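According to TrEMBL, the protein carries these features:
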{"type": "REPEAT", "residues": "31-64", "note": "repeat 'TPR'"}
{"type": "REPEAT", "residues": "169-202", "note": "repeat 'TPR'"}
{"type": "REPEAT", "residues": "315-348", "note": "repeat 'TPR'"}
{"type": "REPEAT", "residues": "382-415", "note": "repeat 'TPR'"}
{"type": "REPEAT", "residues": "487-520", "note": "repeat 'TPR'"}
{"type": "REPEAT", "residues": "521-554", "note": "repeat 'TPR'"}
{"type": "REPEAT", "residues": "659-692", "note": "repeat 'TPR'"}
{"type": "REPEAT", "residues": "693-726", "note": "repeat 'TPR'"}
{"type": "REPEAT", "residues": "761-794", "note": "repeat 'TPR'"}
Amino acid sequence: MKHGIYFFDSSVFMKAIQDFTAVIKEDPTNAQARLYRGRAYVKQHRYRNAIQDLAAAVHLDPSCWLAFYYRGCILRQTDPKRALQDFSVSVLINDTKENICSFLHRGIVYSEQCQWSLAICDFESVLALDSSVIFAYLNIGLILLLHLEQYYEAIQQFTNVIEIDPLNVRAYICRAQAYHKNHDLPNAVKDINRAIHLYPDKSQLYIIRGQYLVELKKDELASLCIQQFAEMDEESFMSQPVQRALIQSFCQNHDKAIECLYEATAIKPEPSPLVILGKIQMKADKTKDALRSFKKAMNLLMSSAKILPKTFETAELYYLTGLCYMEQKSLLRAHDAFSMAIRLHSRYPDAFYQRGLCRMQLRRAKCIEDFNRALTLCPSHFQAYMALATYYGSQGRYFQAILNCSEAIKIIPNSVQAYFYRGILKCQNKTFKAAIEDLSEVIDLNATCILAYYNRAICYHQIKDFRKALKDYGIILLLELNEEIAFKVLINRGLLYMELGDYANACEDFKGATLLSPDDSQIFQALGICYYRIHEFEDAVRSFDQALKLDPVSVDAYIGRGNSYMENGDEPGCKQAQKDFLRAIHLNPKCIKARVCLAYNLQVLGKFQRAWNQFTVAICMDPKCLAAYDGRASVCLQMGETFAAFLDTNAALKLTTTAPLLTNRGFINHLMGHLTCAMRDYQQAISVDPNYALAYFNAANIYFQNRQFSQAYCYYSKVLQLDPRNESAIMNRAVTNTLLNNTEEAKEDFEKAICLCPFSAAVYFNRANFYNGLKQYELAEKDISTALSIQPNDALMYKLRADIRGKLGFHKEAVEDYKQAVSIQDQIYSM
């Protein structure tokens, strides 16, 4: 055995094999001899014999981690699945630094099988055992760079390599590529310069530097790089037009590249240069020329029997032809070309994917089969998952679409496209909070993605998180964007402000929208509504005028303008409003809103019967129209038809129970003398809406009428909590406090009432009574005189002043006031 090991260590493998064979003959259970002979067979590339010996070693000694490791190495290319099992058992037995190669080889197998996360785990295990293994850093960096698009993390890995080995040119080249992907071109150029400094004879590095300089808009330096490359191997460069063309194309000089290849194919037409020519023509958006190039290549590939060889190169020709037809929107031709590519090469995932896209655009359900076939051939085909998501999304099958987006994200975890589309799908599926999470992820990845902000704002709007929605709309308007998106943002934000009741800001947004779309009548109509809400009625009228110029048959615009005219309060405005309401009815006789508005207009003009008729027509058209019942009840009251008003209010309450309707019925009961019923209605209105001030006020009046002053005081106080500027409630509470002998509170209430209504004769009259009761006759005389200056023809006021002046000893003045009171009373009786 020692003799064999000596020959093995001395690399004399034939003699070593002979010695180990002799040992095995004497002791067939010697696992160590089997292991060494297997390793010797490996060195002589006799892999079948090696596997037999290593299998025997494993059988004889299941804890022999080296046997598992070497067998895994042999099987790595032929049977990756079994190789993975062997490496896994090896590291399970021995996970120390001694067995570091098992982790390394298993990571390589995982990489070859596109299992990126598992590969990274193994390479990280290698680094945990030995942090100086450059190969592990490089592999992690390449996976992050080429497959996971995690460029910043890839840069860190390549930097680790450079820190260990500052002369590692591959690390500089890879880090330059990562910087380039991360759009950090200055650092990319620096790393390529370092690589060129280390390997000045590596011509390909000059081409890469040229490309980066072109992207940095440094065309002169880029040209210099190409010249340097040509000078390094001038004879080869000039004699190879294909290489020249590739370099020109690489530097985005497509026309020069095409010219080079035209010269080459004219002298000696061959399929390979023609294919390259076609690809460059595709880059230059010359699809017709590209098609001609591909057809020439096909003709050259065709055998004498007019049959194309079943090779990948031929299939790729049809694939590229299909892409050209797709660019020209010739979907049927593209479909046939991709089908031909698949027929020539049945394991062509990109051809299946592109044919699936064709079928999807042709509205053929078989597109799913193609996408699934592409994923079977290439499980990491990101675009196939995205295409499936698009198809399912177009069919309204949002759950399946979201699942496919999730699979795509597993392949490219930082894909803006996948997160964005999944967010849109969740938004359409009404799962707005989940959509916000995805759209926020998009914004984290790309802070200037306008569509992500826009859709997230819509989601926030839907879940009533208005503050965040407004913030997102504001960010969009700060970013550079086209007019179409700006217009949509202004409209959406304006509607949001309207929902919040902030009509002033909504008005500003709609004004901005009118500048972007001056021919949209709906915007001017919305602007008119906002002006109406902020009581700028002249501007509202102008906005509705513009809306009607753009759309002369807009019923809503006529109604809006009519309501704006009505708010002027004068008779010409009311008549103009009437014309607008009549036009609206003429355009749409079934428009209940127009009839109700016309009825209110007629009521304001004192034409009660005609108003009653319009409300009745509205009720006949829609027996559930609350506004019509309420309006007709109001007209009936003005016409003295109290019971009819009571019936209409009851009819409205059968449709819905609201505090205003209950309060109205209570008021009607009050007028009819049914105080108990009235109080019941007011109390029910308060229970429906505890913040409805009018119900408290009317209930307080009944308590006052019944001389229940304490209850009246409480209810008037409640009214003033809800509406502090209600002058009627303040004055009534002042009178109530007077009757309750709350002198100081009464004084405060009268002061507040006068501040709110300095020209109300009733307030001064009541305070005069108050001072008269307190025997403060001078103050009483002053207040009643003020009341008479505001309302000079009131007999009762003259009588009260006469009484007060009599008490002050002004008998002559008192007599004159009595005479004036009698004179006014006689005039009233004589009328």
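In case you wondered, yes, glycine gets a Cβ from its N, Cα and C as well.
Remember, TrEMBL labels are computer predictions, not curated facts.
As a summary of secondary structure, the repeat 'TPR' (761-794) carries 27 helix, 0 strand, 7 coil according to DSSP. Long-range contacts of the repeat 'TPR' (693-726) within its own chain (CB-CB distance under 8 A, at least 6 residues past either end) are made by residues 659-660, 662-663, 666-667, 670, 675, 678-679, 682-683, 685-686, 732-733, 735-737, 739-740, 742, 756. Counting residues per DSSP class in helix, strand and coil order gives 28 helix, 0 strand, 6 coil for the repeat 'TPR' (487-520). Taking H, G and I as helix, E and B as strand and the rest as coil, DSSP gives the repeat 'TPR' (693-726) the counts 27 helix, 0 strand, 7 coil. Each residue in the repeat 'TPR' (659-692) gets a DSSP state, and the totals come to 27 helix, 0 strand, 7 coil.
Taken residue by residue, the repeat 'TPR' (315-348) breaks down under DSSP into 27 helix, 0 strand, 7 coil. Taken through DSSP, the repeat 'TPR' (169-202) splits into 27 helix, 0 strand, 7 coil. Per-residue confidence over the repeat 'TPR' (659-692) averages out at a pLDDT of 92.
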